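Peer 1: So TrEMBL lists these for the protein:
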type	residues	note
TRANSMEM	B:51-78	transmembrane segment
TRANSMEM	B:90-111	transmembrane segment
TRANSMEM	B:131-155	transmembrane segment
TRANSMEM	B:167-187	transmembrane segment
TRANSMEM	B:193-211	transmembrane segment
TRANSMEM	B:218-239	transmembrane segment
TRANSMEM	B:245-265	transmembrane segment
Ligand SMILES: Nc1ncnc2c1ncn2[C@@H]1O[C@H](COP(=O)(O)OP(=O)(O)OP(=O)(O)O)[C@@H](O)[C@H]1O
Ligand SMILES: [Mg+2]
Ligand SMILES: [Zn+2]
Ligand SMILES: [Zn+2]
Ligand SMILES: [Zn+2]
Ligand SMILES: [Zn+2]
């Protein structure tokens, strides 16, 4: 991280008093959030609590009705260094009206670094191969995306976000529908990047193998942040850790 | 003297070649965005443009380019603002365009014969100045469609993601609409305004029968477009039939052949390559979830006092809110 621009000290994401309106309703109300560089933050909350709305506003897809979002110190409407951002949207189908291969879709993740009217560099091709390896889709690179299963398509979208080696990963339920083995591979890839200083903001209902990487969680309820702090304390675990420890009193013995 | 030495036939073939290339090139992006009928919509608007040219005594090709670019921009803006879905926006322009055209033609006092040359194409009347315009426009379309291919692909594939990679999505969408408008006017003299959409969509649909990638669909569609156009022009000269209709009928015949061939090829491949479930199952997890109860010093037995529950071929014991079943040397959570 030697060739960092002077704003390297700026938080990766800075959300100040953010309100967002959709269809005439306030979906987010006065959200404040700071994510320092290198942090791994989980955004939690029930369906409809505004997680995707927050994520989509952070990457500039939705306008702020009030307040402001800054990425690496620059307000989003003026932000231009999109190659520093990797984004996985929530469950959109990866297919259009014309067939497209896994390789072609993953390559589109490199467009932020590509000049107009020029072909892809050799380094770009290598990056695509690496990203395909990470999600274990290298042998499907010539297959049409529309012919993949939902979880496989999700893995393609993850590869598309990872391929540009961004400094900030913004992930909206990236591993929904992805099997445990692939989630583990994905978590390992994220761990490598976090070790190199990558910042991660991710929404997930089931963190799975990512659990160990999270160093902070934020809980949304009806468009407000109701918890912001260390992980676990906040989470209502669906699965209760159950054990019959030998020294645990209070149960019958034969 | 063969037909290829006739000057008007040479012009016709050049115009056909360029239409055959540019219509499927831009059509691939329209199909990708599921706006297949956009070409048809612009074709209808262009009728108003042609009529405006006839009324004012300006070159109809020129007024058609201007009016159809304006119409295509309007379609795009209506769609982007979310005021109407893509197909409703198209329908509005369809009707506005054709009604306006017929009205203006009536005002200009020109008969159906003049309009017909633009509706169904008339290659034999392509003048050399017409040809220069057609060449210029078609080359522009091809340079953009190929040069900006990756960017246009990304925008058509996933608009939101494209925005987050920093692409000027609105501008690129507008560019596609404008290029579609230009292509329509290029094709006006070859296949005509009513059939131009066919040449934007049918070769792409045909290519899709045998391709898997976007790039190969693009290239194959262009090849099919060129072949259909050139063959259509030659046929129409020999059989003395309308070129536009001949081109489209040939393109459709190509689709039928490709669809049949595609089905046969896939069936053949299916027979040669084993189906996924014919492969040996390696590393497939056991179907039932197998959760071992951690640290379970108690050994259940029929007399231990825990409630017994029949479960398929074995007995579960209700224990601390869980169901436990014997499995080898340990206890499973059931
Ligand atoms: N385009 C829209 N117009 C109007 N309301 C919307 C729109 N998109 C989302 N909403 C509303 O905003 C609220 C928050 O939606 P959001 O997608 O942010 O939820 P979420 O927390 O991501 O939920 P999930 O866990 O299901 O992904 C919901 O109540 C939803 O109905
Ligand atoms: Mg969501
Ligand atoms: Zn017992
Ligand atoms: Zn049982
Ligand atoms: Zn037990
Ligand atoms: Zn067991």
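The backbone N, Cα and C atoms fix where each Cβ goes, and this holds for glycine too.
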Peer 1: Quick test of the contact rule: Cβ under 8 Å, at least six residues beyond the ends. What residues does that give for the transmembrane segment (B:218-239)?
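Peer 2: The answer is 3, 9, 12-13, 16-17, 19-21, 23-25, 27-28, 123, 149, 190-191, 199, 203-204, 206-207, 210-211, 246-251, 254.
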Peer 1: Pairs 6 or more apart in sequence, C-beta under 8 angstroms, 3 or more of them: is that satisfied by the transmembrane segment (B:51-78) and the transmembrane segment (B:167-187)?
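Peer 2: Stretch pair touches.
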Peer 1: Which of B:90-111, B:167-187, B:245-265 has the most Cβ pairs closer than 8 Å to the transmembrane segment (B:193-211)?
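Peer 2: Stretch with the highest Cβ contact count: B:245-265.
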